[in-house]
Amino acid sequence: MRFTKMEALGNDFVVLDGIRQRLHLTPETIRTLADRRRGVGCDQLLIAEPPAHIAADVRYRIFNADGTEVEHCGNGVRCLARFLVDEGLAAPGVLRIETDGRITEAEPRDDGQVSVDMGPPELEPARIPFQAPVRQEAYRLATSRGEQTIGAVSMGNPHAVLRVDDMTGAPVAELGPEIERHPRFPRRVNVGFMEVCTRDRIRLRVFERGVGETPACGTGACAAVVAGRLRDWLDAPVTVELTGGVLVIHWLGPGRSVWMTGPARTVFRGEIELPASAAATPRGPTR
């Protein structure tokens, strides 16, 4: 099976073409592909497929390294947009990418950056999903380290955002996995630890659901800026400094789309031998 290895700010992906071929992948196969010793190695696996929605150019699916499917990935959608153009699967320009019932617009640029309309954030607790009686700008969450104040935001996937004084010393390893599986988040949650440096710059670490801490998380950066803007800590746009690099996030307020701009690049292409049950077969015309 042919694959493309890509990265965005150190968040790495195995990308598969499911447009020209049908892929038959089990969770076990996905875990093997993601394994850095037995497979290719990645934080997440991305599959490009023919769209189900007539308004979309392509559909993509996202799988964590543990084999679970998730709703959205900001760094992943930038890599996918770059992959589609580089592989000749889409013409340069604005691409309409379908995932989990929503369509995201992405535009690969000549300078290596990709701008993405991530859509408006979801703030209603039931739709995040998060267990709370009413919508608030901040919530109190009981943890083993005492009550924590969080922002709860969905960017197509759920995020909890905590403000910390110093990103470097943030309790990511301790609170990340605990909050990820907190019972008030029924589908688990990504956890961001945000240091506000100025009104237009933050530093951020993210413990990703089903993955652990990663060098960067695009939806996490969007969620952090939304949470910070709702608390009047930030202006627009905001430069987000992550371990893997920098994203620029622009959000003008409730009901408006969040725009994310950042890099995406191909690292290498290759082939891997997989069990016969995971074989790819040619796909006929889709439209």
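These residue numbers are counts, starting from 1, taken along the chain as shown.
Cβ from N, Cα, C; glycine included.
Together with N11, N64, G74, N75, N157, N190, E208, R209, G218, T219, Swiss-Prot lists one candidate of Q44, Q131, Q136 for binding substrate, that being Q44.
Cβ neighbour count for F268 (site 'Important for dimerization') (all protein chains, 10 Å cutoff from its Cβ): 9. Considering only the recorded positions N11, C73, N75, C217, T219, F268 (site 'Important for dimerization') has N11 as its nearest partner by CA-CA distance.
Those same-chain residues not listed among N11, Q44, N64, G74, N75, N157, N190, E208, R209, G218, T219 yet with C-beta within 8 angstroms of the centroid of the substrate site C-beta atoms are D43, I62, V70, H72, C73, G76, V206, V211, T214, C217, G220.
Among the record's substrate binders, N11, Q44, N64, G74, N75, N157, N190, E208, R209, G218, T219, no two C-alpha atoms are more than 17 Å apart, and one pair sits at exactly that spread.
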